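The annotation transmembrane segment is assigned in TrEMBL to 12-30. Under the heading region 'Disordered', TrEMBL lists 239-258, 342-399, 525-544, 610-637, 670-702, 724-763. Annotated compositional bias 'Polar residues' per TrEMBL: 344-354, 674-691, 724-736, in sequence order. Summarising the annotation, TrEMBL assigns compositional bias 'Low complexity' to 610-629.
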Amino acid sequence: MTFRDDTRAVTVQVGAVLLFGMIIISMSMYQATVVPNQNEQVEFQHNQQVHDEFTSLRGAIVESASKATTSPSEITLGTRYPSRTFFVNPGVASGSLRTQELGTLSVSNVTTSDDEVSDYVSGTVGFSTKSLVYTPDYNLLQETPTTVYENSLAYNRFENGYNGTLSPQSLVDGRRISLVILTGNYSENGVGAASVDAQSVSPSVRSVPITSNDSSRNVTLTIPTNLTADEWETSLEDAGELDSAGTDPDAYVSDVRPGPGNTVVVELERGATYDLRIGVVGLGSGVDEPSAHYLTRVGSVPNSARDDATVPLTFEVRDRYNNPVSGETVNLSVTAGSGELVAQNGTSGTTLSGVKTDGDGRITVEYDPDESGSDSVTVRASADKSPGDGAYDGASRPDVTTTFDVYDAQSGGEGSSSYDIEWDESAIESQPGITNCDGDTCTYDLAADSNDKFDLEAFTTPNEAFVNVDFYANDSGVVTNLQPSEESDSNGDGVFSTVATVGSTGSVVIRVSSTSAADTLNLTVVDTPGGNAPPTADTGGPYTTSAGSSIELDGTGSSDSDGTITDYNWTITNDPTGDASLSNSDSATPMFDAPETVSEDTSITVELTVTDDGGSTDTETTTITVTDTPPSPSISMRVDDLTNVRSNDPAFVVSYDIGDTNASFERVEVEMASTESSASDSGQQTTQRGSVRTEPGYGQGQSFEVTVDVIYDGPSGEYVAESRTMTDTTDAQNPAGNDDLSDGSSASVSSLNVEDRTNTNTNNVRYRADYTVSSGDFSQVELAALNLNGNGATATTQVAARSRNNEQILSGDGAGTDYRVGILVYDDTGTVVDIVFVTDTADGTDP
């Protein structure tokens with residue numbers, strides 16, 4: 001018996017091999033394109049996170065430079081990619097964070113009017129400082145910046161140079177110069193979070209008034225830096241500190257230029273007195289506590305004093321950064337005069353040894369005259385030797401010599417005085433913030449007065465004309481300034497006044513004295529929570545908007561700790577264009593109307609003043625950068641759904657037309673992504689008009705989001721300038737909302753005749769068509785027969801001819817099922833500009 005050959009199983013085996021091959025190819029394409037794109041996005045997001053963390057770290061360093069605190073921060077050094085079951089990721093992306101030597105930060109051509117502090121400030125003050133550098137080591141992301149902190153600035157540095165700051169500079173703020181010195185050795189690398197503790201080594205709680213030591217020279221900062229002079233100039237200009245023309249009363253930087261080596265020289269205007277503050281912050285190991293550097297007297301001393309009253313003398317030990325050092329010893333001696341010194345613990349004598357400085361680095365003693373009449377007094381103080389030692393030198397840093405005269409209060413001293421000097425208690429008590437005046441004692445409440453200043457007035461009894469007086473306070477931390485510190489009664493009315501500036505809470509003795517009389521005021525400065533604390537203004541900035549547009553400013557972050565804000569007042573304080581304006585400027589959220597045009601990105605300064613229900617005010621300024629960026633690009637798009645329903649093979653032709661672009665245009669990125677699974681596909685074009693075919697490989701019947709992104713290349717790298725998304729179900733039917741992308745020169749369908757030549761007996765579906773396309777821009781047509789039921793074949797064919805007869809579209813199974821049959825016309829850019837489709841049942845009858 002002979003059997004026929006049976007090869008029916010061969011078809012199944014071949015199909016299985018082909019299917020397996022398609023799966024392998026699809027997975028290979030996914031590994032080669034989708035996985036790297038997704039991982040690159042992970043790296044980009046991590047880099048943005050590091051920028052935010054670095055900005056916070058910069059704030060912690062600056063804060064620790066001014067307060068005795070340790071401010072912890074974290075920097076996430078690297079990142080890990082999402083786990084994948086079937087695909088392979090590269091190794092983890094790591095990063096490193098370390099300090100680097102920077103150079104010497106110095107202030108030159110300076111002197112000070114304070115005799116004792118002049119031991120410290122003479123010519124040039126300079127200190128070695130470091131930078132902190134974060135360097136990422138990504139596997140995919142290209143052109144990533146190194147992020148740097150130096151000299152109060154945080155910024156990004158690319159291989160091709162600096163690319164903008166992450167924070168403003170605070171080195172120069174009006175007439176305040178704040179040097180932040182970074183010390184220590186810090187180095188971490190890896191993937192996890194690195195803990196960075198900004199240790200306050202020497203907080204800048206003291207300041208030095210400095211001026212130029214030569215009328216023909218400028219106070220000059222020499223900044224060690226990896227930035228250029230132009231980049232520092234931009235940063236100072238953005239902060240409103242640059243005044244090359246010398247016309248801005250609030251800006252004092254007159255010139256910025258390259259210095260020797262890797263330095264930038266910043267010159268300040270002549271004639272001004274600047275407030276120099278120096279804070280030191282340590283990172284990691286190798287951080288040394290600064291030792292005592294010099295001794296200074298705090299507060300003024302009268303030229304003469306009564307022999308029946310003590311004279312308070314306060315000294316402060318400071319380190320090389322001009323900040324107080326506690327726990328140091330000071331030795332004192334009366335080398336001329338018949339009185340003795342009395343320490344705060346009651347110890348007395350002509351010599352006091354080993355007096356310890358308190359938490360503010362200070363000691364206070366009193367000189368007690370012996371009431372024997374007029375006398376000339378000399379008191380020596382030293383931080384490192386006995387004042388009686390032959391090595392004592394009152395002009396050296398650790399030694400201070402104080403002299404004054406004592407007169408006989410009974411005889412009237414010099415000139416035999418016939419008058420007394422008294423503080424005007426009623427005038428003082430009428431000042432804002434002054435409470436509880438009783439005799440020679442008053443209280444000043446910081447919370448009750450936002451100005452932190454008040455007037456003091458004294459008079460002679462009986463009226464004595466043309467008397468000269470001195471004002472002084474024995475604690476310059478509590479009362480930081482008395483202006484003027486001496487006054488002549490030029491009017492002959494026997495009245496004298498000064499303005500006291502309050503710096504902190506505490507007790508202070510304020511003295512007014514002439515050569516023949518004196519009076520003291522014991523002032524206690526408090527900060528009562530129950531008082532009217534001033535409000536805090538918050539502008540919510542900085543802001544950025546484009547020319548010709550409007551932006552809402554947000555002052556709702558302003559607050560008042562013990563009441564409510566009753567008034568908002570916004571003003572424009574600096575507008576180079578003169579064309580910016582504000583509307584509803586008396587509200588918390590006014591509208592800022594930018595100038596219609598700017599020749600370049602322009603910074604405009606606005607100021608917010610808030611007033612609380614107690615009448616106290618606070619002011620803050622912010623900047624609004626008006627860019628000359630043109631309007632965002634426009635996106636027109638359409639999605640043509642050519643899905644093969646039966647084979648679970650979604651296919652979209654996404655056409656687009658991008659308008660209003662500029663030279664920053666890079667490319668168009670198209671992505672289709674399922675909202676129900678991980679199915680997705682993407683593609684890109686570098687033309688502003690065209691199409692992308694996306695085929696994710698599976699996801700039939702699912703809802704997909706189709707997104708067109710317009711990519712620009714800006715100063716900080718590439719970014720999405722505009723985006724548009726449409727939603728469609730992969731069912732071989734087009735979505736609603738497709739744009740017509742044809743224009744006056746596009747080709748279109750002139751005629752289409754679809755023939756249904758299906759043989760229902762043999763289950764053979766056949767479609768063919770006759771078509772004609774008009775003149776106009778043209779590249780090809782695509783004929784499609786799309787099965788809608790999922791139980792029939794689907795086919796498309798592309799033809800580069802404007803006219804064809806009897807063009808076969810499909811030959812396959814699926815008789816009796818529903819089809820969508822038609823034509824797509826592509827112009828010369830590959831954009832679909834016209835379609836014609838009919839719906840038909842494959843039964844041999846023409847639609």
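Each Cβ is built from the backbone N, Cα and C atoms, and glycine gets one as well.
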_Looking only at the region 'Disordered' (670-702), how are its residues distributed among DSSP helix, strand and coil?_
0 helix, 17 strand, 16 coil
_Please report, as numbers and ranges, the same-chain residues at least 6 past the borders of the region 'Disordered' (724-763) whose CB is under 8 Å from any CB of it._
635-645, 650, 652, 655-657, 675, 689, 699-708, 769-778, 786-788, 794, 802, 813-816, 820-823, 825, 827, 831-836, 838, 840, 842-847
*Residues sitting near the transmembrane segment (12-30): Cβ under 8 Å, six or more positions beyond its termini, same chain?*
86-87, 697
_Let's see if you can do this one: DSSP helix, strand and coil counts over the compositional bias 'Low complexity' (610-629), in that order._
0 helix, 14 strand, 6 coil
